[in-house]
Ligand code: ADE
């Protein structure tokens with residue numbers, strides 16, 4: 001997969017994607033990143049990329065022309081048409097389903113704003129979709145772009161050593177992940193649950209599912225709202241809740 005980063009600081013995203021799983025994906029040739037700086041397409045001695053906002057108010061807005069030329073150069077660098085995603089707090093919230101959708105594309109372009117954002121005409125003309133990584137404001141889209149690159153890179157075929165591990169992630173089936181343990185079995189901080197050491201794969205799967213359901217109910221009840229659980233899942237959750245009576249999440253009415 002090819003990802004193009006359009007940013008005043010493309011090296012920032014490049015550095016974020018240099019380590020661990022994403023770095024390995026790039027080394028293996030499963031992912032390529034290409035940075036594009038609108039300042040390289042700005043004119044004049046100052047290579048101006050921003051100006052004051054019409055209508056008054058604080059902050060600067062990124063200009064149409066340097067970005068338009070930068071995007072044209074970016075689009076022309078490869079015959080595959082990219083999906084152009086603008087990172088902004090006004091976008092739809094990124095989730096695992098969206099990460100999967102983006103990961104399946106051959107080419108993705110991530111457009112990062114700075115200052116108060118980008119002139120809306122450029123957004124209307126060039127952007128396919130706006131994405132936010134959460135309800136808070138960052139000083140630029142670069143960190144958000146790095147988040148998208150990471151979420152998308154680890155879903156590329158051949159990136160994770162254990163092919164099943166992406167499927168077992170939190171959110172893949174709309175639930176939080178279960179807890180995980182490793183050596184030693186006994187530690188001053190506690191003991192690894194017996195069932196995980198039993199070798200009984202059906203019992204382990206049941207325990208993990210129950211933990212995932214229970215944690216989701218406790219920590220992110222919004223993920224369960226409106227969801228019809230299977231009989232087996234409902235029983236697992238009911239049993240978990242009985243065991244954890246008193247752990248009810250704030251403001252959640254129970255089901
Ligand atoms: N740029 C600034 N804040 C952002 C956010 N929350 N998500 C995506 N891009 C952003």
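Using the three backbone atoms N, Cα and C, a Cβ is placed for every residue, glycine included.
Just so you know, TrEMBL annotations are computer predictions that nobody has curated.
DSSP assigns residue 133 (S-adenosyl-L-methionine binding site) to coil, not to a helix or a strand. Non-local neighbourhood of residue 133 (S-adenosyl-L-methionine binding site): 87, 93, 94, 143, 144, 147, 148, each in the same chain, at least six residues away, with C-beta under 8 Å from its C-beta. Under the heading S-adenosyl-L-methionine binding site, TrEMBL lists 113, 133, 134, 135, 136, 137, 138.
Among the features that TrEMBL reports, domain 'tRNA methyltransferase TRMD/TRM10-type' is placed at 1-225.
In this view, residue 136 (S-adenosyl-L-methionine binding site) is surrounded by 7 other Cβ atoms within 10 Å of its Cβ, with every protein chain counted. Once the Cα atoms of 113, 133, 134, 135, 136, 137, 138, the listed binders of S-adenosyl-L-methionine, are compared pairwise, the greatest separation found is 16 Å.
Residues near residue 138 (S-adenosyl-L-methionine binding site) in space but far in sequence (CB under 8 A, at least 6 apart, same chain), listed by position: 89, 144.
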